[in-house]
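Student: Before we start, here is the structure in question, set down as structure tokens.
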Amino acid sequence: MTVLPASIRIEPHGRLAPALLPRVFALVDDATDTDGVQPLSEHVVLHLRYGGDERGCNLLLWVDDDEPRLAGYAHLDATDPVEAPSAELVIAPDFRGRGLGTMLVEAILARTGGRLRLWAHGELPAAQAMARRLGFARRRVLLQMRRDLFAPLPPVTLPDDVQIRTFRPGADDDAWIALNARAFADHPEQGSWTLEDLHRRMQESWFDPDGFFLAERDGELVGFHWTKVHGSPAGQASNGSSGHGHEPLGEVYILGVDPKAQGLGLGRALTIVGLRYLRSRRLPHVMLYVDATNAPAIRLYESLGFRHWGTDVLFERGGTANGEGTS
């Protein structure tokens, strides 16, 4: 393991003190502006809004020059009882090229016994090289796809016994959590959401029930499309940090269909309904994330005009890594 120079220190924290949060978010914003991609997932950013998950660990890397400067941040989640702990990290652009990312990952590995899953958002060359150098293998690949919302959209076709309506906060919460669990039974990161996870997102400034669509059959929820808008026309903050630094962008945030309603074309219909809504908001483009191994979903999105835009990679060391795209 690399011995840290005297001018560099790595501090582990549980919840972060409120005074530290602006410094972390400023670092994240700086990296986002430089790289053109968010270095942290929404899950981590949401927890940071509240000081971090008390079950997780936040590591701060400081460089002590004339005064302490925050040069790196990492979030470590070791709560999964089966999988290796997972981490996400970011190094301030002004401090890159000094091996600080390697130091931060090695500090995390020392806490996890050498087992770790590590997300690299945007597939940046430096992150890829560091992962290979430290003995990580690709475990999963997420594709970001985008579409021009000004391009024509096909009509919505639904079975006669299915209706689409919008989400009713409070009234639909429990039923949606149950549907989400059924729809993502094979994807525990999404399917294990609790009411707290739902309510935390409902408290975000971007939450809009008018863009949260539910498919209902015989009084039962059988599918949904939750849309999201990144940024705002006024350039105001819509996440835990500052503005996004780009024009507003729509997202197919979560799309799910009850397994017993598969084959009815609900995924396609719900996608089109959401895209029409985002276009009504005068948004020029829409994005989504999809697992690289989910061929049916990729075919659906490509048939609706989406094209590959970027890639996020989950690396693993000391686990069961077996190639790309394990879901």
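Backbone N, Cα and C atoms are what each Cβ position is placed from, and that goes for glycine too.
Copied straight from Swiss-Prot:
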DOMAIN    11-159  domain 'N-acetyltransferase 1'
BINDING   LEU89, VAL90, ILE91  acetyl-CoA 1 binding site
DOMAIN    162-327  domain 'N-acetyltransferase 2'
BINDING   255-257, 262-268, 294-299  acetyl-CoA 2 binding site
Student: Within the domain 'N-acetyltransferase 1' (11-159) only, compute the mean pLDDT.
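Tutor: A mean pLDDT of 92 is what the predicted model shows over the domain 'N-acetyltransferase 1' (11-159).
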Student: Within the domain 'N-acetyltransferase 1' (11-159), how many residues are helix, strand or coil going by DSSP?
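Tutor: DSSP classes over the domain 'N-acetyltransferase 1' (11-159) add up to 51 helix, 45 strand, 53 coil.
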Student: Which residues, in sequence order, are found in the same chain with Cβ within 8 Å of the centroid defined by the Cβ atoms of LEU89, VAL90, ILE91 at the acetyl-CoA 1 site, excluding those residues themselves?
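Tutor: Near the acetyl-CoA 1 site, beyond LEU89, VAL90, ILE91, sit LEU27, ALA31, PRO39, GLY72, TYR73, ALA74, ALA92, GLY101, LEU104.
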Student: If you count Cβ atoms within 10 Å of each one, which of the binding-site residues VAL90, VAL257, ILE298 comes out on top?
Tutor: VAL90
Student: Please identify, from the binding-site residues GLY263, GLY265, the residue with the sparsest Cβ neighbourhood, meaning fewest other Cβ atoms within 10 angstroms.
Tutor: GLY263
Student: For VAL257 (acetyl-CoA 2 binding site), just give me the three-state DSSP call.
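Tutor: Assignment for VAL257 (acetyl-CoA 2 binding site) reads strand.
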Student: Which one of these binding-site residues, GLY267, PRO296, has the sparsest Cβ neighbourhood, judged by other Cβ atoms within 10 angstroms?
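Tutor: The binding-site residues GLY267, PRO296 were compared, and PRO296 has the fewest Cβ atoms within 10 Å.
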Student: Near ASN294 (acetyl-CoA 2 binding site), how many other Cβ atoms are within 10 Å of its Cβ?
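Tutor: The Cβ of ASN294 (acetyl-CoA 2 binding site) has 16 Cβ neighbours within 10 Å.
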Student: Between the Cα atoms of LEU89 (acetyl-CoA 1 binding site) and ASN294 (acetyl-CoA 2 binding site), find the distance and write it as a whole number of Å.
Tutor: 27
Student: Which residues of the same chain, at least 6 positions away in sequence, have a Cβ lying under 8 Å from the Cβ of LEU255 (acetyl-CoA 2 binding site)?
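Tutor: When sequence neighbours closer than 6 are ignored, LEU255 (acetyl-CoA 2 binding site) has PHE224, HIS225, TRP226, GLY267, LEU270, THR271, GLY274, LEU288 within Cβ distance under 8 Å.
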